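According to TrEMBL, the protein has these features:
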- Gly213, Arg277, Gly278, Gly302, Asn303, Gly304, Thr305: ATP binding site (BINDING)
- Asn303: Mg(2+) binding site (BINDING)
- Thr331, Ile332, Asp333, Met376, Gly377, Arg378, Glu432, Tyr484, Met485, Ile486, Arg487: substrate binding site (BINDING)
- 206-508: domain 'Phosphofructokinase' (DOMAIN)
- 14-35: region 'Disordered' (REGION)
- Gly304: site 'Important for substrate specificity' (SITE)
Amino acid sequence: MDALSHSGAIMKVKLLHDPNNKRSRGPRPTTRIPIRPRRRIPPAKFAVKSDAQKQDHRYYHHQEIDFSDPNWKPKFQRDFENRFRLPHLTDIFPDAPTIPSTFCLKMRSLSLDFFSLLRISVCRVLFSLGVRTPVTGDFADWYPSDEKWHGYINNSDRVLLKVIHYSSPTSAGAECIDPDCTWVEQWVHRAGPREEIYFKPEEVKAAIVTCGGLCPGLNDVIRQVVITLEIYGVKKIVGIPFGYRGFSDNELTEMPLSRKVVQNVHLSGGSLLGVSRGGPGISEIVDSMEERGINMLFVLGGNGTHAGANAIHNECRKRRLKVAVVGVPKTIDNDILLMDKTFGFDTAVEEAQRAINSAYIEAHSAYHGIGIVKLMGRSSGFIAMHASLASGQIDICLIPEVPFHLHGPHGVLRHLKYLIETKGSAVVCVAEGAGQNFVEQTNARDASGNTVLGDIGVHLQQETKKYFKEIGVPADVKYIDPTYMIRACRANASDGILCTVLGQNAVHGAFAGYSGITVGICNTHYIYFPIPEVISYPRAVDPNSRMWHRCLTSTGQPDFV
């Protein structure tokens, strides 16, 4: 998210075109992304040079890289290119035929008479069957042609992920590969429509499934996937009800989808298809897909859902099925790796302002008032951090990535006492995953396998009341949890745009023959990632990042450890 705040940060797109190779699968440009660690680590990398602290988890070494090797950089780049290579249908079907893309917008701006439209329709049919009619003066403007429409993405187009060259590992938010912060370019695949496609639209049966919890923007993505599929010429589009469960529950029937069905669905929150956690085994899901004739599957969900999508992709490859499985990251917590943001996040931050403002008014209007707001964020504090920064009304922001003490001379409660004495009121914003060491752990898990968290908001409320009672200072503590109100909202304008483009690019990726991929935005550009690279561990707030420092500047809170 930090990259989005710098209007001067210019993104670079590298164009590589091999005219003799339709797919241009190689050679690939070099790429730059943080190396996948074996466990989640705080991002203060190479900050300390002492022998004792070189063994600390903050000292970021990759066990497979020997930095004393003068050729470590090209070896790293080759390793990265292999990891971020997109799985493709031609990996299993090397001779898979292509046809010219049926996606073209050139003629849509023209005003044509009946006979011209009839000729366009004939050309579209021929085009969808792979038959190219000669480009004459009469037809040049009436059907898709390479000479007239340059809206396609070349398969060798790449996007640079990182735009900051850190000169020192001690720079705020520095992400370094080696102790010297050597600059290594890292490039990934640009998303968008391709000139050649691997599916005939009339042979496609596409399915959409939404899994996990609710999130603003689900209906927006569903709508755009359906609309884009229809532009390609797909007629058989269905929705799988209530997540992966819909593949196995005989009482749940697939929902036929069309532009008419989804036209206004984005005007309300929730999911047209319904959501659920868990579901049947992978083999059972793929069996169901085979029975239904589904050869394109669009999966909307978070880390766990994407892990399932990747398993479905691998099972389809194992069975040698010509199926494209494409994910669209859905996590309101914004905890998907390598992406600027995921859909629903901006809406959550905006809707959280209402809860924060209510807490502020309650606290400011009461004698020694204290308002506590709990926001989403199981393992990542992005919503709490951005909502606090946006509101300007938060005095204390607590997130999972930054440890804190409740009691003691440097604890949260002591600072609340100071705020009451100096300001007369205080407002606290806490992420749901923060301070889990203070609440009782049940070790229970939900249907998605996520640990059931203790309620830090209620605990903080109780401890605050207890503390002020013990010191004999009256305090009026109000607690607000807007979680389910936020999840059920419709997407705001920013998320609406993001959902629209993600849905379109998911369809483009499937028709281009990619599978086992997900689509996202990075440094303002839309890109494709192999699913395993974005689900290896949750993305987290960097306590040394400029954005967290900005939040601390806004709240004025001290260090609580």
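Glycine is no exception: its Cβ is also placed from the backbone N, Cα and C atoms.
Sequence features, as recorded in TrEMBL, placed on the structure.
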residue	record	contacts (Cβ under 8 Å, 6+ apart)
Gly302	ATP binding site	Gly212, Pro329, Lys330, Thr331, Asp333, Asp335, Ile336
Gly377	substrate binding site	Asp333, Ile383, Ala384, Ile399, Pro400, Ala431, Glu432, Gly433, Ala434
Met485	substrate binding site	Glu351, Ala355
Arg487	substrate binding site	Gly213, Leu214, Cys215, Pro216, Gly269, Ile332, Ala348, Met376
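Ranking the binding-site residues Gly213, Gly278, Gly304 by other CB atoms within 10 A of the CB puts Gly278 at the bottom. Shown are the binding-site residues Asp333, Glu432; the one with the most C-beta atoms within 10 angstroms of its own C-beta is Asp333. Within 10 Å of the C-beta of Asn303 (ATP binding site) we count 25 further C-beta atoms, all protein chains included.
When Cβ atoms from all protein chains are considered, those within 10 Å of Thr331 (substrate binding site) total 28, not counting its own.
Between the candidate binding-site residues, Arg277, Thr305, the densest Cβ environment within 10 Å is the one around Thr305.
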